[in-house]
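Structure record follows, encoded as structure tokens.
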Amino acid sequence: MALVNFLIPCFVISTDIAYSCQNTDDFVGASSPGDIVIGGLFAVHSEMLRPEEYPVQPVIQNCAGFEIQIFLQTLAMIHAIETINNSTLLSGVTLGYEIYDTCAEVTKAMASALRFLSKFNSSDDVVEFKCNYSDYVPRIKAVTGASYSEESMAVSRLLALQLIPQVSPASSAEILSDKVRFPSFFRTIPSDFHQTRAMTHLICECGWNWIGVIATDDDNGRFALESFGVQAMANNVCIAFKEMLPAYLSDNTFHTKVDHAIEKIVKETRVNVIVVFMRQFHVLKLFKKAIEKNVKKIWIASDNWSAAVKISTIPNIRQLGTIVGFGFKSGFKNISAFQDFLRKLHDKPTDNNKFLREYIMLLSVCAHLEYHDFQLCISNQSQDDLLENVENKQQIWRDDFLNANIEPGFIHSTILAVYAIAHAIKGQCKDRNCKDPAAFAPWELLEELKKVTLIDDDKEITFDSNGDMSTSYDVLLWKEIDGHVEITTVAEYDPEKDDFIFEDEEKKKQFLDLKKVQSTCSQHCRPGQMKKVTESPHTCCYECVYCPENHYSNQTDMDYCYQCNNRTYWAPINSTTCYRKMIHFLAWTDWFAIFLLLLSTFGIVLVLSISVIFTKNLNTPVVKASGGLTVCYIILLSHFLIFLSTVFFIDEPTEFKCKTRQALFGISFALCISCILIKSLKILLAFSFDPQLQNFLKCVYKPVPTVVTCTGIQVVICTFWLIFRTPFVKQNFSIPRAIILECDEGSIVAFGIMLGYIAALAFICFIFAFKGRKLPENYNEAKFITFGMLIYFIAWIVFIPVYATTFGKYLPAVEIIVVLISNYGILCCTFLPKCYIILYKQETNTKSAFLKMIYTYSSKSAGSVAVSQISLDSKSSSSRATISDSCKSEKNSVNGNCHFQVPGKRLIKGKPLPKNAVRTMARKRLSSI
């Protein structure tokens, strides 16, 4: 095996062996006669020798640089044809072949194609010009080749003139699938579209996005680069640099551009993955220079060189890093049979195979040399020296050498190409005598080729509508084993599924180890971050910034952060997920809610206690003076309902609670104020001495209608509110991380009208109570009512700005507080003084005590009354009246002063009332209240 490794570079670089083309037959590299002849185009040599200046004559130049891999493909074609001839596939019809060397040059390939187009059995190899080639019989019926896509594009355009089928085992350019431009082209491999997609899939799988590409500056390289660029862009992979090397080794700028490419690779330190679309001899030159510069990367190989043994045996190749590539799927049966063919090759004659003869010459000259001496031999030997050395050397043969250099994918695809043509010929020869060269035309064979079905490894394969054979790729990994590099298959790429298939976990692990290498322009953005594009034109170059509040990212390298649903979710800065917002409301368990509930409960207990006290003292003057038990019960019931309404402000709001709490509070408060208003009117009526005011109060003082009317108006307001703009449960999103459940009042106007109406009642009540504030010392209820109304006004005046500026779950607590303050204020001012008298001053809670108190109050008021002298009209018969007559009626007493009315005149002050009149007035006051 060591000897093999030394021999391989010999055929890589080779010598300047050439055969002068004296006639067209000398142009043929290998041939064999047959009933039906198949042409072959293979780049057995890597370059065409060129003069130092541009050619001045149209002479086909000689070739140099023997390519052992392509030579093996010519042998695979010969082996396939011989196997078919020895089988029953064509039933007595033999296949012949003419194989030409294109020297990796389009011009040489086109010259070969002209030979194919020449008329059959023409001694002068004439290509006739016709308007219709339907009946034209060319030299060959089909062509296998060429080796490179650029050659196939040119040749296919010539062959399309006569629609001669061309089946290539190696040309993978995507453009060749275009049947409009290349109608007669077929291939037994997938197009570059699948290869570049497989490469991109591998790059994405490993997390790389910052790579370099090196390709040859020809049609094949440019089309492959274009196809890869489209796939890379679609998968957010950026190409940091693209280096194009000359397609021909004879180009004077080749070595300079190789040096420039290596410098670019070294300079781009963040690029650790290089994709290479080049021919084998280009890669050979590139890698030798890369080894000198100590470049270590991951190299992704195209199908042209992914299985090239001559590259894998370069000294110190392992220093380059890791090489992973894509090769054509190989058939084990075909390869095994071909290996047997190679073992018997030394028995084959070389008269009709110049390639084989040249191979034997090179083997004889170079096989005995050590590696370094072998390099000097290749570089110093001229053609004449080589021929001289051959004469002095004994021919040798190495059975294992050719087998060691087999690239299974290309051998398999070459054999498939020959068999595809053979099956198409079989279809044409069913009812024809195919020993006659004119039995069918190439264009008829072309139609038959489209329908061919082959069995490969127990699978049926056919050409698709683009002329491509849908086979899979082998993913090849170059591994160092026992000190040398071996090319192993770690996975299979299925183009239909766009996925990798692994045979076992060990190979999958080897594949996944590639992920350890980083090749990115920027560091990966972690979840919770997003990319921020920098000034670089590449989208792969970016900064990582945290996702803002209420945004998140849950994957690596996200271009943007997802926004949370602001209504129900939130997220902090640098978040990887959204969190559900907490639902907030004034819950039963909240300490403030508990405190308010205790206050309400205490108020209810206070109301019930007052009810019990008043019930037990039903017939006492204090209870009677408070309006009687019925009025007191109504007022106390109102206070009870107001305290109870606070319960509906606590815990999770519901539609029922939102509708009930305001209506219950509004109607209850209106009822309470209405009853207190009646009491104020009654007090003022009892102690007023102004006849006009008394007449007005007598008209207004209608207890039941007044209470019903005042309360009914509030009922109407609340009813309209609940019907047309009813309160409802609302989610308040003003707090970033919480949802506040609250009651929307539905209509602020209706809410304001309800509160305004209560305020109007309270204000009227306040006015009447204020007028009657100067009552007997032990019975000053109007004064306390005045204080209660003042407390109500202060509480609600403060409530308005506080309520308007408060938000959150404690907003209902604000309303509860103002309800409790106003309710406690009115309750305490209305009932606690009476309860104090009932409980602690029982001696004053008697009829005689009340009569005495009122008598004393009336006496003091009467003692201050003075009689005013008045001049009456002399013509009036009743110009005078006595004071006692004017004070007989209680109705003319105001504030203890006696008044009398002169017809047509206003009231005038008189003299103080007598004692018996004061007593009578006191009894009437007591009975009226």
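Placement of Cβ uses the backbone N, Cα and C atoms for every residue, glycine included.
It should be emphasised that the depicted structure is a prediction, and the values quoted were computed from it without experimental measurement.
Per TrEMBL, the features are:
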DOMAIN    592-848  domain 'G-protein coupled receptors family 3 profile'
SIGNAL    1-18  signal peptide
TRANSMEM  591-615  transmembrane segment
TRANSMEM  627-650  transmembrane segment
TRANSMEM  662-685  transmembrane segment
TRANSMEM  706-728  transmembrane segment
TRANSMEM  748-770  transmembrane segment
TRANSMEM  782-804  transmembrane segment
TRANSMEM  810-832  transmembrane segment
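Within its own chain, the transmembrane segment (706-728) has Cβ neighbours under 8 Å at 634, 655, 658-659, 662-663, 666-667, 670-671, 673-675, 677-678, 681, 700, 743-747, 750-751, 753-754, 757-758, 761, counting only residues six or more beyond its boundaries.
A contact links the transmembrane segment (810-832) to the transmembrane segment (591-615), because at least 3 Cβ pairs that are 6 or more residues apart lie under 8 A. Residues of the same chain lying 6 or more positions beyond the ends of the transmembrane segment (782-804) and with a Cβ under 8 Å from any Cβ of it are 676, 679-680, 683-684, 755, 759, 762-763, 765-766, 768-773, 775, 811, 814-815, 818, 821-822, 825-826, 828-830, 833. Residues 623, 626, 629, 632-633, 636, 639-640, 643-644, 646-647, 650-651, 810, 813, 816-817, 820, 823-824, 827, 831, 834-835, 838-839 of the same chain lie 6+ residues outside the transmembrane segment (591-615) yet bring a C-beta within less than 8 angstroms of a C-beta in it.
Residues belonging to the domain 'G-protein coupled receptors family 3 profile' (592-848) score a mean pLDDT of 84 in the model.
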